[in-house]
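Student: Here it is, the structure in full.
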Amino acid sequence: MPPSSLRVVYAFAREMHPKTTDVFIQYGTAGFRTKANLLEHVVYRMGLLAVIRSRVKNGRTIGIMITASHNLEPDNGVKLIDPDGEMLEQSWEDIATRMANVSDNDLESITGQIIKEVNADMSLKASVYIGMDTRYTSPRLAAAAANGVIALKGTPKEFGIVTTPILHFCVKCRNDNTYGVPTEEGYYEKIVGSFKRIRQKLSVSGDYNTTLYVDGANGVGGKKLNIIKKTLDGELDLMLFNLGGNGGKLNLNCGADYVKVSQSVPVGVEHVPYQRVASLDGDGDRIVYYYVDDDKKMHLLDGDRIATLLASYITELLNNCGANSLKLGLVQTAYANGASTKYITEELKIPVSCVKTGVKNLHHEALKYDIGIYFEANGHGTVVYSNEAKNTLKKIDEDGDAEQRKSAQILLDFINMTNETVGDAISDLFLVETVLCARGQNITGWETTYQDLPCRQLKVTVQDRNAIQTTDAERRCISPEGLQERIDELVCKVESGRAFVRPSGTEDIVRVYAEGDTQESADKLAEDVAQAVRELAGGVN
């Protein structure tokens with residue numbers, strides 16, 4: 001593409017998507033995220049970058065998702081999806097940040113520089129898939145992304161309103177046709193079809209019942225489950241709440257993040273004692289479970305619980321089909337409850353890796369195992385399977401004895417039910433329901449496997465999140481000076497105490513996590529650590 005043809009990059013920017021703010025924006029763990037009215041120029045530029053990325057990847061399809069996930073409705077965001085359905089390669093995050101912050105006048109020259117730096121062949125075709133969540137600002141931003149793609153002579157394909165994981169799935173399928181069909185219908189066929197096949201092999205028994213309440217966070221996940229519900233043939237009876245409309249606001253006092261962080265039940269959901277409830281987040285990539293008891297106390301089963309449930313069941317199936325040679329491991333972050341880590345290592349005898357927060361970090365660590373299970377405590381996670389694992393199970397399905405073949409077939413369907421590209425609330429919901437059904441277990445039976453340590457999370461607004469620097473998978477703070485020492489002093493005073501702080505990947509916020517032997521001690525430790533952050537790391541009242 002000759003330099004003259006880059007002039008349209010500036011023309012589109014100036015006439016349709018001008019940069020109207022000097023506020024610096026950074027590509028974080030989940031892309032760019034801020035108030036929607038500050039994003040249009042950023043999203044247009046990500047359309048440009050997606051075309052460049054596609055050409056660097058020899059014309060393979062790249063994804064652009066317009067979403068702010070679990071944030072409230074006035075926010076929005078954008079993130080790029082790489083050809084394998086994974087998050088954007090980390091080295092490109094700085095390129096994205098650079099492109100987003102340059103002035104309109106310099107955009108043409110910076111675009112040309114980036115094309116040279118990454119050695120993109122601009123004569124190649126470029127393909128970009130674009131999806132969006134249900135926010136009222138998303139259609140305008142999706143149009144800006146498409147204009148960016150068109151400006152550099154790429155081909156955009158707009159998927160409309162989809163969950164984030166559905167777009168990841170479609171990008172993966174477009175670049176690897178062995179994985180599935182790159183459409184929303186192809187997603188349902190693979191994920192839901194596999195669930196129904198497994199359920200036909202399992203009988204409903206014991207304490208399991210097929211009724212599941214779902215909090216849809218007034219977002220896209222609930223809307224898609226409403227479509228799926230009609231196809232389940234009675235295998236699962238979904239009672240859906242918070243589907244949007246009726247005045248319900250996206251993620252406001254509902255959804256997985258609200259339930260996990262506030263440890264409160266969502267509004268808009270009918271609560272029946274001991275009825276299990278799955279709570280999704282706004283773009284459908286997180287899920288947590290909970291129930292209320294006779295005293296209306298909420299019991300939360302978060303990402304740690306989901307990970308241990310899946311890990312124990314997969315281990316069981318591997319043992320049954322004689323595939324013990326496959327290396328299975330579980331990946332957590334510092335947010336994982338200490339009780340879960342102890343249970344996994346001491347009871348299940350499964351190795352655990354701890355990595356920095358961010359799905360990218362967990363995903364890459366999980367790929368080191370034949371079967372890698374990763375979940376953040378917030379409910380974002382999945383299972384990834386190596387080709388070695390899949391081929392081993394296929395061979396057992398062909399050559400094993402009757403019992404081995406039966407377990408191998410269930411595990412192969414379990415794999416097909418899994419969205420390996422990224423955490424997926426819908427896929428994870430079906431995985432959990434499969435395990436509970438197979439074991440004839442209700443939610444209280446699931447909960448009794450281990451007892452969580454009480455914990456508390458807080459957010460502290462600071463002048464600059466980059467003032468906080470961490471090490472040891474974010475469990476230790478190396479800057480500002482004196483903060484880690486203060487945290488250590490506070491932790492020593494609490495039985496079973498543990499605490500850490502880490503900067504947000506997207507906002508000028510420091511996140512505080514604390515555990516203790518009682519809820520009161522965890523709450524106090526969290527507040528004391530938050531106060532230390534305010535004093536030593538530039539807190540803003």
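Start at 1 and count along the chain as shown; that gives each residue its number.
Glycine residues also receive a Cβ, built from the backbone N, Cα and C atoms like all the rest.
Pasting the feature list from TrEMBL:
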ACT_SITE  Ser69  active site, phosphoserine intermediate
BINDING   Ser69, Asp281, Asp283, Asp285  Mg(2+) binding site
BINDING   Glu376, Ala377, Asn378, Arg502, Pro503, Ser504, Gly505, Thr506, Arg511  substrate binding site
DOMAIN    61-101  domain 'Alpha-D-phosphohexomutase alpha/beta/alpha'
DOMAIN    110-173  domain 'Alpha-D-phosphohexomutase alpha/beta/alpha'
DOMAIN    178-288  domain 'Phosphoacetylglucosamine mutase AMG1'
DOMAIN    302-439  domain 'Phosphoacetylglucosamine mutase AMG1'
DOMAIN    495-531  domain 'Alpha-D-phosphohexomutase C-terminal'
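Help me see these features in their spatial surroundings.
Tutor: The Cβ of Ser69 (active site, phosphoserine intermediate) lies under 8 Å from the Cβ of Ala30, Arg33, Gly77, Thr164, Asp281, Gly282, Asp283, Asp285, Arg286, each on the same chain and at least six residues away in sequence.
The 10 Å shell around the Cβ of Glu376 (substrate binding site) contains 24 further Cβ atoms across the protein chains shown.
Remote same-chain residues near the domain 'Alpha-D-phosphohexomutase alpha/beta/alpha' (61-101) are listed as 24-28, 30-36, 39, 41-43, 45-51, 53-54, 107, 110-111, 114, 117-118, 126-133, 135-138, 141-142, 145, 164, 167-172, 174-176, 217, 249-252, 255-258, 281-283, 285-286, 359-360, 363, 420-422, 506 (criterion: CB distance under 8 Å, separation of at least six residues from the stretch ends).
Helix first, then strand, then coil: DSSP counts for the domain 'Alpha-D-phosphohexomutase C-terminal' (495-531) stand at 13 helix, 13 strand, 11 coil.
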Student: Whose Cβ lies within 8 Å of the mean position of the Cβ atoms of Ser69, Asp281, Asp283, Asp285, the Mg(2+) site, other than those residues?
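Tutor: Once Ser69, Asp281, Asp283, Asp285 are set aside, the remaining close residues are Thr67, His70, Asp133, Thr163, Thr164, Gly219, Gly221, Ala256, Leu280, Gly282, Gly284, Arg286, His380, Ala425.
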Student: State the count of C-beta atoms found within 10 angstroms of the C-beta of Asn378 (substrate binding site), not counting that atom itself.
Tutor: 24
Student: So how many of the residues in the domain 'Phosphoacetylglucosamine mutase AMG1' (302-439) end up helix, strand or coil by DSSP?
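Tutor: Residue counts in helix, strand and coil order: 79 helix, 18 strand, 41 coil.
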Student: For the domain 'Alpha-D-phosphohexomutase alpha/beta/alpha' (110-173), what does DSSP give as the number of helix, strand and coil residues?
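Tutor: Going by DSSP assignments, the domain 'Alpha-D-phosphohexomutase alpha/beta/alpha' (110-173) contains 32 helix, 13 strand, 19 coil.
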Student: Just how many other Cβ atoms lie inside 10 Å of the Cβ on Arg511 (substrate binding site)?
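Tutor: Result for Arg511 (substrate binding site): 23 other Cβ atoms within 10 Å.
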Student: Kindly assign Asp283 (Mg(2+) binding site) to one of the three DSSP-derived states: helix, strand or coil.
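Tutor: SS state of Asp283 (Mg(2+) binding site) = coil.
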